[in-house]
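Written below as structure tokens is the structure these notes are about.
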């Protein structure tokens, strides 16, 4: 079905920051999607907003982008996304804005699925065989997500089970276990959480990872499923003048690679 109408509106995301929500309508389909921005942004990631402004990005989209999308078939997602890239013409969506592009792209996919009367995953997957991904959860962290925590932004766990509900509950159990361990380690401290709900504590990076590994191992033994740790380092946040500047150490890029490889090997990191 061809796109008949597109609308954008300014909304507030879970961090209280402004972002955009997009709506796309066809003759008998409707899709709505929003695209929040992360707390930390890598140097090679898409630019969220042209000029850093939601209002400016929306104005550009309404005047220059949306008119070129009217009439496109929603079922041809590849062409829709290609058109967005061609309109932008940059490597990092600095003219259109990554947030607006993502919101429009998702709204297009949802409108196509709605037009067919099927779920979004059915429209995208185009197969009769489906498998749910293993859930990954943020249980302890710092970086740009919290004040007074670790340099590394996220300490993650991934649980593996054929039943997605069991895996999600396992991740939740690890989060609770991390909280218990931290309260035991810092009995006189009021523990806090970062903006994604992960625990925050004044710990070293390796010390924090070992605590998460212990919590995951304990829950894994109790529930009887595999649970593996992972990291989202967001290392660009503490990379300055050619060095990775941790609170505990400063590393060259070569030493940083050695450090990360060592963590992967020693703690069997999943991601």
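Glycine is no exception: its Cβ is also placed from the backbone N, Cα and C atoms.
Noted in TrEMBL for the protein shown:
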| type | residues | note |
| --- | --- | --- |
| DOMAIN | 3-124 | domain 'Enolase N-terminal' |
| DOMAIN | 129-271 | domain 'Enolase C-terminal TIM barrel' |
Residue counts for the domain 'Enolase N-terminal' (3-124) under DSSP, helix then strand then coil, are 55 helix, 22 strand, 45 coil
Across the domain 'Enolase N-terminal' (3-124), the model's average pLDDT, rounded to a whole number, is 90
